[in-house]
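K.L.:
To start, I am sharing the structure in question, which I have written as structure tokens.
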Amino acid sequence: MPPRTAESSPGKVSSHVDDEATEAGSPAIPFAYVPSLTAVDVDRLREAFADRVMALSTRRALRGDAKLFVTWCGQTKRQAMPASRETVAAFLEAAAADGRSAATLRRYRSSLAWWHAAGGFPNPCAGSAVTMAVPKPDLTDTAMASLHTFMDVAQRAYAPATLRATEADIRLFAVWCDQQGVSWLPAEPATVGSYIRAIGSSRKPATVARYLASIALIHRSANEPNPCLHWMVNAGATRARTQARVEATAGGGPDRRGAGADLRPSRSRPARSEEAAEADRFP
């Protein structure tokens, strides 16, 4: 991957240009010399970027993310604009392998979606985020086919926020499993139990329950046994819930989750994750 995009703290709102270079009186844009774009396309992108009212930090992030993507596409001999879904998926996978956080990957998707919309091109980031930037599952061809079928259906049946929630939870679990050298799909009950013990002390019971729901969902979608139904996982979830109550009591505050809080995964669709609940940086 190219060097990371420099981040800025939130700044004043800028409706036209910032302190970056300009070209012929218009803001410089990373897509200016993409060979697949016409002069009309480039002008359209420049006008959209110049006219849109946004925070200075947002403007810099949009430009920086686009520059990173264009540079990567040049290095890998891919078309940057309009980009294909496969190109964006490969870019995000490379970014994840290079250590980018889930929040940064979401920002990259939002940036690329914004630039394509500004240029009047289809959004290459549309679709299930569950497929993005996670270690390859250890599945048979039949199970993989089932998983792809689920993803196709989920794209039409689930709300974008639900897909983002599942993607965030699954990526967190998959990366953890990859670091431990164990399979995440399918996962053994002992793996899920160890995962809960590893993260339970730093997560709310409702968050742990959501993680389990996402893990259960992805296993059912691949027609794999649900490891979250095993007594070992339920026991770990119960311990996490009990510990949370003890800590709440020790802290002098009531346990607002209530005595009936249940950490077992639901068979309904997963709840919206805390990470996905953050408002997208870009419209």
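Cβ atoms are placed via backbone N, Cα and C, with glycine included.
Below are the features I grabbed from TrEMBL:
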- 1-12: compositional bias 'Polar residues' (COMPBIAS)
- 1-21: region 'Disordered' (REGION)
- 137-223: domain 'Core-binding (CB)' (DOMAIN)
- 244-283: region 'Disordered' (REGION)
- 271-283: compositional bias 'Basic and acidic residues' (COMPBIAS)
K.L.:
Check the domain 'Core-binding (CB)' (137-223) for me and report the mean pLDDT.
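P.N.:
Mean pLDDT across the domain 'Core-binding (CB)' (137-223) comes out at 85.
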K.L.:
Within the domain 'Core-binding (CB)' (137-223), how many residues are helix, strand or coil going by DSSP?
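P.N.:
Across the domain 'Core-binding (CB)' (137-223), the residues distribute as 69 helix, 0 strand, 18 coil.
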